[in-house]
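Participant: What TrEMBL records for this protein is below:
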type	residues	note
TRANSMEM	26-50	transmembrane segment
TRANSMEM	70-86	transmembrane segment
TRANSMEM	136-154	transmembrane segment
TRANSMEM	199-220	transmembrane segment
TRANSMEM	241-264	transmembrane segment
TRANSMEM	276-294	transmembrane segment
TRANSMEM	306-324	transmembrane segment
TRANSMEM	330-350	transmembrane segment
Amino acid sequence: SQYSAVDTNPLSVYIMQPIWNKIIKIVPLWIAPNLLTFSGFVMILVNYFLISFYDWDYTASGTSPGLVPTWVWLFSAFTTFCAYALDSIDGKHARRTQSSTPLGELFDHGLDSWATSIFVLSFFSVCSRDNGKTGVSVYTMYIYLSIVLFNFMCSHWEKYNTGVLFLPWGYDISQVVLITAYLLTGAVGVEVWQKPFLFGYYITDALVILLIGFSLFLSFPQTLYNIHRAHLKKTLKNDSLYEGLLPVVSPLLLFVLLTVWVVLSPSNILAKQPRLFLWMVGVAFSNVICKVIICQMSSTRPELFHWFLFPLALVVYTAISGLLGWTEEAVLAVLTALVTAAHVHFGVCVGTQLSEHLNIYIFSLKKRVQE
């Protein structure tokens, strides 16, 4: 299917696009677009693990403000900007080198679906965990992450139904906010997040309210409106309501199961291991969405129940019924490792199969020699 995306965000159209058009000119023509995409993702990962090293349990900023060195925040701003730039120019570069392929589209959106949660998880270190005075609670973090992922899901669910990806306005805005937040933290220190800034509200409160407002009153209604418009114009990809709603079944069930675990966990698993739990949420979600992206690109029907829902349901049941007892954290660690390994394996397999099928290399513009 021909890739089509629509971007109407003024920030993107008037400010960022001209910047990307300048940057793209310095990229050598022999570099494969997927290499740009992947480099951006690796930078996000490196940054995430660096922050995790200094702040495993999200308490550093709230308890001992100097614990994360200033250079780490500046490095975060730098890597976030680079990843944002690379993610914005990879498609332009593909058109420039006439190497746009379905593999590139899948590679880009697939890595985006994972990067989305990693951006959010890195940012939580800035606002820090609730320590009674400042910070956000781990439950707020979970809800915040879920909303961001819900937004991501919406734009791909919309593309599944309309064939057009309407780029969410929130994307460019969130990237600029992230970079600014890291620079501010590097310049002033994490203390800036721990002082009320307007009417007794903290900056973090404002960001949470903005995010929820953006999602519920802008992104989601826009998605429904675009699908409705396609329905009126008779350009919908799917005839039945059942088929149209298929892609959202697994993500919603995933969210329900995870929320049941968070709320009913006897050992309060989210408070004990927020980093592990939220990472697992992000990876599981990314895997579910990647399947939807593949179905949407290949015009096939997604399965009703994603495979991960079954082991997760089992773990959640044994956890909340108290059967796991003190092993709950260990089981979460094993589950997180398995899901991450499965997701990476899935990505490598799909990438290899597509590159063989399309007779191209993933990270090189050289053509494969026909056997």
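A Cβ is built for glycine as well, from the same backbone N, Cα and C atoms used for every other residue.
Note: TrEMBL annotation is automatic and uncurated.
Computed from a predicted structure; not experimentally measured.
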Participant: Near the transmembrane segment (136-154), which residues from the same chain, at least 6 beyond its ends, have a CB less than 8 A from one of its CBs?
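Facilitator: Contacts with the transmembrane segment (136-154): 58, 112-113, 116-117, 120-121, 124, 127-130, 168, 170, 174, 204, 208, 211-212, 214-215, 219-220, 223, 248, 251, 255, 259, 262, 270-271, 274, 277-278, 281-282, 285, 289, 292.
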Participant: For the transmembrane segment (26-50), give me same-chain residues lying six or more residues beyond its boundaries with a C-beta closer than 8 angstroms to one of its C-beta atoms, as numbers and ranges.
Facilitator: 72, 75-76, 79-80, 82-87, 89-91, 93-94, 96-97, 99-100, 103-104, 107-108, 111, 114-115, 118-119, 121-122, 361-365
Participant: Hey, which of 70-86, 199-220, 241-264, 306-324, 330-350 has the most Cβ-Cβ pairs under 8 Å against the transmembrane segment (276-294)?
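Facilitator: The stretch with the most contacts is 330-350.
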Participant: Residue list, the transmembrane segment (330-350) vs rest of chain: Cβ under 8 Å, 6 or more residues beyond ends.
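Facilitator: Sequence-remote neighbours of the transmembrane segment (330-350) are 106, 110, 114, 269, 273, 276-277, 279-280, 283-284, 286-287, 290, 294, 308, 311-312, 315, 318-319, 324.
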Participant: So if I exclude everything within five residues of the ends of the transmembrane segment (199-220), which remaining residues of that chain have a CB under 8 angstroms from its CBs? That is, six or more out.
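Facilitator: Beyond its ends, the transmembrane segment (199-220) has Cβ neighbours at 127, 134-136, 140, 144, 147-148, 150-151, 154-155, 168-170, 173, 177, 192-193.
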Participant: With Cβ-Cβ distances below 8 Å as the criterion, list the same-chain residues six or more beyond the ends of the transmembrane segment (241-264) that contact it, or say none.
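Facilitator: Beyond its ends, the transmembrane segment (241-264) has Cβ neighbours at 139, 142, 146, 149-150, 153, 156-157, 160-161, 227, 270, 277, 281, 284-285, 288-289, 291-292, 295-296, 301-306, 308-309, 312-313, 315-316, 319-320.
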